[in-house]
Amino acid sequence: MTVTKTAAYETLTESSAAALAVRLGLFPSKSTLTCREIGDGNLNLVFRVYDKEQQRGLVIKQAVPYAKVVGESWPLTLDRARIESSALIRQAEHVPHLVPKVYYSDTELAVTVLEDLSHLEIARNGLIDGKDYPHLSEDIGEFLGKTHFYSSEYALDPTVKERLVKQFTNPDLCDITESLVFTDPFFDHETNDFEEELRDEAEVLWGNEALKIEAAKLKQRFLSAEETLIHGDLHTGSIFAGEDGETKIIDPEFAFFGPIGFDIGQFIANLLLNALSREENRRAPLYRHVETVWNTFSRTFSEAWENDAVETCKHENGRLESVLRQAFEDAAGFAGCEMIRRTIGLAHVADLDTIVPFSRRISQKKLALKIGAAFIEKRSGFRTPKDMIEAFRNALKE
């Protein structure tokens, strides 16, 4: 695709980001500000602007017209900034305590100005350091239960949902997910990235036609099931957390109307990838998170259904159970795709890539591929999170 920048668009620098904050009236004109680029993501520029005298800061996030992880050879739409700010505002209608405040957004500059969350840390980093965040999965379950229900056909008038589907149409970023999660890792594709010691396992996976058919079915669900407004990229790097129990979900630029089970599947996959990086005696908190996130999501979604479902749904016996059953099966399959993608595809996770020694890193990555394939192929047999955990632990013993 070709990205067209508007006449107003210019890439921010540390000095121009600070000037923008003053121009918007977010700091007094005579403030002495410091501004530092803090982004380490694949797609955007992120600046923290701070007034030491007032001890107050904010974050300015700007989309750039290409994928930073690849370079200008991979152009991307700037409209993802609008998607992100709109998603955060909608999520805040239901879980304001779990998302950052949006102070300002500008579609021409592709800028979103956000609450400063520097008192928290990225959950992935904390989990790698051995922190457990006991409230993390309960918060994510509540976030998903409420945001997924209240943006679904079970809560919305059909015309409202149709309008939202159009508002959050996000073809470029959906194409990234389709390629990097559901397609490329299952073939010998140039975007794949892995150690040569994993080639034998990768080639076995590429030759598994039954697995590839199941992955294609999951891709079809991802592309066609316009069930609710999903976050679209809910891994542990998209979550800020604090040991005092505070949680904030960030970066919903991949948001669009997709299957209910996708977000929870991605979150579970990243929990289990972290579990692979730990010794067995340190994995119990991750197993608890897997159970808690599903149980909290299911309970929250069910309570919202009982209170606020449209009348037609309330009179359909078994409909809620069917929706949750499909979401759980999908979540298991999507988790499997995510585990495989994060092991041999583009954009790895530090949970695996920082394992030492190298020999253990390779052995754990081989397990990630094996577990991912099992989750995809056996997803219809999973009934509870305990089934996922049992499959995970059994793979470790084999």
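From the backbone N, Cα and C atoms, a Cβ is placed for every residue, glycine too.
According to Swiss-Prot, the feature ATP binding site maps to Asn44, Lys61, Glu115, Asp116, Leu117, Asp251, Pro252, Glu253, an assignment based on sequence analysis. Swiss-Prot lists Asp233, Arg341 with the feature substrate binding site, giving sequence analysis as the kind of evidence.
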Cβ neighbour count (within 10 Å, all chains shown) around Asp251 (ATP binding site): 23
Distance, Lys61 (ATP binding site) to Arg341 (substrate binding site) (CA atoms, angstrom): 26
Max pairwise CA distance, angstrom, over record-listed ATP binders Asn44, Lys61, Glu115, Asp116, Leu117, Asp251, Pro252, Glu253: 18
Asp233 (substrate binding site) versus Leu117 (ATP binding site) - Cα distance in angstrom: 19
List of residues, in chain order, with Cβ under 8 A from that of Pro252 (ATP binding site) and at least 6 apart: Ile83, Glu84, Ala87, Leu88, Gln91, His231, Gly232, Asp233, Ser238
Binding-site residues (Asp116, Glu253), the one with most neighbouring Cβ atoms at 10 Å: Glu253
